[in-house]
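J.: Just passing along the structure, written as structure tokens.
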């Protein structure tokens with residue numbers, strides 16, 4: 001009796017479902033059932049992971065250091081924890097304590113074993129940490145693309161993984177030692193977990209991305225958290241609360257251990273920037289279109305298509321449910337919020353980089369839908385043409401991305417490469433002094449300074465802001481609160497080396513400018529290493545931004561990035 005009733009009702013339910021409007025999902029296709037093999041419903045785990053690992057490996061080994069903040073606020077404290085030497089910024093002064101050592105300890109998970117394994121070869125330790133970051137990025141992005149493909153189809157997942165692998169923004173951000181990159185990993189992972197309907201885990205990962213990574217990214221994670229709470233309030237709330245208490249508590253304990261006082265770097269950072277009158281404008285301001293220009297440089301046509309997602313959403317919603325809109329919405333929230341802030345830096349957009357790729361992928365896949373007749377089951381000519389146009393658009397994006405990546409790496413990698421050559425000049429002997437003038441902001445970190453160099457010193461070349469000082473073990477190391485630090489970016493009289501004669505080596509960028517360089521005095525200095533460096537001011541924007549075969553070398557102007565050695569008297 002029950003079986004008969006079931007058989008009679010099933011077609012009625014099927015008919016009802018087909019007659020009511022419902023967002024399209026690839027798992028709704030005929031021939032696919034919820035009980036089928038998971039691999040049939042989207043991409044498997046292996047190929048996306050291998051592809052992402054390969055590109056993250058390339059990024060880790062060839063990426064430049066894009067921001068001096070990455071060096072002085074993160075690489076240098078890590079170097080100090082590993083080797084008891086390195087530069088300290090005012091943010092790490094115990095008096096201010098704006099940076100959490102918990103974030104540094106996360107990277108020590110890779111740095112400490114690498115330091116044991118490679119010993120004095122610190123350059124390899126640097127790249128080992130980068131490879132660790134690349135692995136974390138590959139794992140989080142794999143979760144995102146597999147979740148997308150299983151919910152919305154292999155094509156969308158394939159487009160997304162291609163862009164995550166090859167777009168310049170993701171290539172560079174994925175292995176940068178920055179809290180904004182960590183928040184980017186958390187954004188990919190939490191978005192993927194949301195699509196997998198693991199709401200409690202999505203909230204927990206979001207909390208870690210905010211507290212352990214970048215506290216200001218909380219605004220970007222709000223859509224994921226709110227949607228998760230709406231779906232599974234109890235589980236998501238408990239998960240978020242427990243994770244918040246645990247990570248905040250752990251952060252306070254770690255801060256106490258290193259700063260030697262009870263404080264919370266997370267709270268200090270928020271108070272300084274929100275309530276304490278943080279003067280970020282001291283470090284440079286940009287216009288409201290800065291992120292639009294920057295987004296196009298790093299994502300080219302991909303960025304334009306990603307922004308168009310919301311305009312095309314009435315068409316896109318025929319295929320996808322609103323969950324995809326929830327996943328992509330942080331891109332708009334974060335872009336609008338950051339564009340309103342006077343102080344702008346490229347790295348501030350890192351948390352939404354994966355979402356740019358997903359948004360553009362959804363737009364590309366739905367281009368044929370723009371030309372499909374609403375009530376017709378037959379495809380017209382435009383629909384057919386645009387179906388074949390999709391891989392062409394994707395190919396253009398990926399080719400332009402490669403051109404951008406190639407230009408950046410080959411144009412600006414000289415600082416990393418030239419410092420590596422110092423190890424071949426250890427005949428200068430122990431106690432050598434390396435001096436850096438106007439190129440202090442391209443200093444690649446103490447990981448590139450051999451042990452025979454006893455200290456790195458800044459020389460006065462006109463900069464009037466506050467520069468980092470070496471960690472002072474006499475004053476307490478990480479617990480020190482040196483008097484020469486301030487939060488107003490006011491230079492200290494002690495930051496420059498007064499006696500230039502004590503310099504053994506000098507790092508200098510020589511450009512075609514009408515003023516002399518220290519290294520031009522051949523009676524005092526001799527060049528021991530010279531590498532080309534792209535002169536941004538004299539090179540045309542089109543040719544310096546993207547590599548154009550046969551034109552890049554010809555049209556751009558290059559300076560000389562040199563290591564100078566003092567000539568013995």
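Just so it is clear, glycine is given a Cβ too, placed from its N, Cα and C backbone atoms.
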J.: Under TrEMBL, the annotation transmembrane segment belongs to which of these stretches: 102-124, 125-147, 263-285, 355-377?
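T.: Here TrEMBL associates transmembrane segment with the stretch 125-147.
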J.: Out of 23-42, 43-62, 63-82, 323-342, which range is noted as transmembrane segment by TrEMBL?
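T.: From TrEMBL, the annotated transmembrane segment range turns out to be 323-342.
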J.: Under TrEMBL, which of the candidate ranges 236-259, 380-403 is annotated transmembrane segment?
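T.: The range carrying the transmembrane segment annotation in TrEMBL is 236-259.
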J.: In TrEMBL, one of 1-37, 149-185 is tagged region 'Disordered'. Which stretch would that be?
T.: 1-37
J.: Using a threshold of three or more Cβ pairs below 8 Å, and leaving out pairs closer than 6 in sequence, do the transmembrane segment (159-179) and the transmembrane segment (323-342) count as in contact?
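T.: Between the transmembrane segment (323-342) and the transmembrane segment (159-179), contact is absent.
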J.: Tally Cβ pairs under 8 Å between the transmembrane segment (298-316) and each listed stretch (125-147, 159-179, 199-229), then give the stretch with the top tally.
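T.: Stretch with the highest Cβ contact count: 159-179.
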J.: Where else in the chain does the transmembrane segment (199-229) make close Cβ contacts, counting only residues six or more beyond its ends and a cut-off under 8 Å?
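T.: That would be 100, 102-103, 106, 179-180, 182-183, 185-187, 189-191, 193, 235-240, 242-244, 247-248, 251, 266, 269-270, 273, 323, 326-327, 329-330, 333-334, 337, 351-352.
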